[in-house]
Each structure stands twice: as structure tokens, then as C-alpha cells.
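Here is the structure we will look at, set down as C-alpha cells.
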């Protein structure tokens, strides 16, 4: 169901849209944990290591998919806010074209890079073949991942965050069920885990397409609607490609940070892994506000409700920063107990190292919340340059800080790399936001 975010109380609209996103993100994290348990408990340590070793490659490629599809849907949201339903329909068709063409490019490039990347990452010989099989199947299913992301982001651009959530829940249930069947009954090993993911993504992609055709007849496409339009495609690619690269750049930064931690030994790696679990939950909670703002800002920008954009950004900043601060306090207070959920035996050193991670990151989550809100708000305004530059700044800062501070402060130094990267990103985002606020205020006076 479409939802016009250009009317109603801004903060209420933001909360109403954020809650389904938040639930979906948390369910995705829960699935990731259950997937790890299934592979680890049924196939053993080598299989678990093989799947885990491909995480960076998946983040690199699938992160691009998420950013690319999100960027293209900004144009959809702007047209919806302007009341241009014909333009929305053209944008939807162009999103499908862009996703189709980019899937071909990504699949060809990623397939060619599988062995070189696994080799570069020094994947152990005993798990190399399993890792190659798993990531190969996942990348073969890029079409399914792209399809779901394209259509789900179009729905969100129309203000509908609930339907993608319902379809995601169905997809996760299918994934777990099929994964257990392929591994336990057919004994497909890591290939079974990969094929289950691809099948679930394909079905969710198909489900979202069917939903739009039958529940949103004004967007139902025929062959003439799918006629290739280079001007439309170019506009959408210019919005999507930079944001796709932004996500990939962030992924590279995470890889370099992990490499720095790897130099500190097994306890440091274990502490970083354990601490990252609650850390990811916090990140997804506050990121949900940012994702909401991309749609809120884009719709209101299209509707030329410029004062409302500023009001919404202020409300989102306040809510996200307060929640980020509270979650940071919880992490610090209960950090040791949270870490012990993921480790067994006598691992006091690991627990204390993880607590250092929480001390380095927890007090500063408010700034990460501001980063997400400002980044996605700028995207909603159609500014793809600043978020991309901010992503590059984040990469440089995280890489430089991780390797420099590790030698000085050890694990605590590596833990400080993330907050330093956040401030580097904000150095780009904050001036651009203030500049846009001035322009929006001027535009609002002209409209009045």
C-alpha cells in the first residue's frame, strides 16, 4: 500500500516507516546467526570457515547491489512526491532495466574475480574449494538479489515499508527450511546452503513483482512500458552507481580493519567477532532511521515541501541520536554478558578485549546515527556526490587509523578506527547538509 509521506506529522511518519524497516533488519541479523548455526552444527568447522571466509566478497558485491538499487529508487520517490504517477511508472520500468543490465556486469566481473580474491585473502587450502563453490553459487544468484532489492526499494520509495517486510519474513522461512532439507536430506553441503539462499531470494523477488502487478495496478507494466529509454536509464544510473560504489568502498574499509585485527592474534580476532554481533544490531537500528529519511526527503523534495524536509531531518536526528546513545550505554554496561553469549569456556581475555571495543564505540553511536540520517537525507535530495566522497573519506580514515593505531594502542587502537571513520565521513556530510538547508529555506520562501 502506497503511503504519502508529504502529509501528516513528520516525526510520526518517520517512526511509522522506520519500525517495519527495523524489524526486517533485525530479522535479517537473526537469520544470519541461525544460518551460521546450521552450517556449523551440521557440516562442521571447515564448512563454517569456508562460508565465513567469503563474507567480505559477499559484502563487496551485494553491498553494491543494495546501494545501487537504493540510489535508483530515489528518483521514484521524488516523482511520487510530485504526484507524477506516469513518471513513477517510467522510473519503475527503468529500475528493472538498470537492475537487469547491472546484474550482467556484476556477474561477469565477480565470477572472474572469485579465485583471485580468495587467493588474495589467503584462504586456507583445506577450505578453498568449499569457499569457491559457496560464493560461486551466491554470485550466480545475483539476479535474484538484485531483483528483490530493486522491487523492494521501489515499494519503499512509494512509502510502503510493510510489504517488503512481510515478503522478507516469508523468504527467511523458505531459506531456513530449504537449507535444512538440502543439507540434511540431500547432503549437498555448503552448496545446499548457497542454493537455499538463491532460491529464497528468487521467490521473494518474484513475490514482490506479483504484488505490484496485482495490488498496484497503476504500476502494472506491459511491453510498451518496458521499451528501452536511454535518457531515463542514464538518469537512474547516475543516481544508483555512485551509491553502489559507496557501499563497496565501505566494505573495503571493513576488510582492511579486519586485516589489522588479524595481526593481533587469536584472542583479538575472537573479541572483534564477538563484539561485532551486538555492534551490528545497534548499527542496523540507527541505520533504519537513515533509510527512512531517503524516502521521506525524496518524496517531500518532489512535492516541493522544503520546510517539511528540514523539520523531518531535525526530528530524525534527535530520535536516532538519542536511541544511539541509549544503546551505547547498554553495550557498555552489559558488554561482558553480551560477549559471553557468543563464546564458551574460560576466555576472560577475549571478554575484556571486547569490552574495550564497546568503550571505544558505545559513547559515540550518536555520531554514527547523525552520519546515517545526513547521508541518506542528502541522497533523498539527489546529492550522490557528497555521500560518495564521504564514503571515500571513511575508507581512508578507517584504513589509516586501523594500521596506525594498532601499533600504538593494540586492540583498543583498532577499535577506535570506526569512530574516527565516522567523524571523517561527517566532515563531508555536515557542511553539505548545512549548505542544502540554506538552499531549502530560500526555495521555501520562493514557493510561499
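Counting begins at 1 with the first residue displayed.
For all residues, glycine too, the Cβ spot is worked out from N, Cα and C.
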20-41, 130-151 - the one TrEMBL records as transmembrane segment | 130-151
Output the single range from 163-184, 281-303, 315-334 maximising the number of Cβ pairs under 8 Å to the transmembrane segment (57-75).
-> 281-303
The answer for the transmembrane segment (163-184), taking Cβ pairs under 8 Å and residues 6+ beyond its ends, is 1, 20-21, 23-24, 27-28, 31, 34-35, 38-39, 42-43, 148, 152, 155-156, 191-193, 195-197, 199-201, 203-204, 207-208, 211
Which range out of 96-118, 130-151, 235-261, 281-303, 354-374 gives the transmembrane segment (315-334) the most CB pairs under 8 Å?
-> 354-374
Contact set, same chain, for the transmembrane segment (96-118): CB under 8 Å, 6 or more residues outside the stretch = 53-54, 57, 61, 64-65, 68-69, 72, 128, 131-132, 135-136, 139-140, 142-143, 146-147, 149-150, 221, 226, 228, 233, 236-237, 240, 244
Surrounding residues of the transmembrane segment (235-261) on its own chain - C-beta under 8 Å, 6+ positions past either end = 56, 59-61, 63-72, 74-75, 91, 94-95, 98, 102, 268-269, 272, 379, 382, 384-385, 387-388, 390-392, 394-395, 398-399, 402-403, 406, 411, 414, 417-418, 421
